[in-house]
Amino acid sequence: MTTYIAYGNINQPFSLESLPDELIPENLYQIETDSSRVFQRHQCRRLAHLLLFQLLKIAGKSTALLSQIHRTESGRPYFLDERIDFNISHSGDWVAVILDIRNEEKSAVGIDIEFPKIRNFTALMEHIAPKEEIDWFHHQQDSLNAFYRCWCLREAVLKSQGFGIVKLSNVRHFPEQQKIFSDYCPQGQLWFTDELPIYLAAFVNHQEKLPHFYEWNRESLQIKELEKYVLYEVN
């Protein structure tokens, strides 16, 4: 069993049209729009599709899976082969994809990235976290890092099952013990890192060594050696 993560920025050169036509959904072809936000989100979806294609190749799996993506009632994309799971996240101009391959058991993964920006962190923490976690947050020197750690890990575990941010407060986070508990995700482990241009949290439903990280750089994936991360046990 192996886990792969690729991330990239839509301002880097990339060509989805380099893929075989049958692997490109109609809704991912180029669009014309006057809305910069609509264009940005569309480009993020296009890059995510390309990153998933590249990860399938690296993993030695058939890229034909790209034409066999289904969606749950909540809209979460998945493959019919339960031993292979993937998840996508984007924030601003950044995109990340996680792909997990298991030999026999069912795979479940979730990923969340956030491009940092200043927010009312205290108000958001009061909305999603209990008093003990808020106290921990207020004692951290780097409030930006602390907030996105609390936020990203919640989203990542919930996205493994297709739950949205409405359940964020149902995730119990113990930062000192590096443990996470939730009724809305299976047992597993999670990594959080602030080493990249984005904050990133990734969940897998099994015990796994650090995923293989790749960065999209000038039309190809390049290996990224991650050195700084926090490992959590989940449930």
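Note that Cβ sites are derived from N, Cα and C of the backbone, with glycine treated the same way.
Keep in mind that this is a model prediction, so the values were computed, not measured.
Annotation source Swiss-Prot lists Mg(2+) binding site at Asp112, Glu114, Glu155, citing similarity to another entry. If you draw a 10 Å sphere around the CB of Glu114 (Mg(2+) binding site), it holds 18 other CB atoms from the protein chains shown.
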Fewest-neighbour residue among binding-site residues, criterion Cβ within 10 Å, set Asp112, Glu155: Glu155
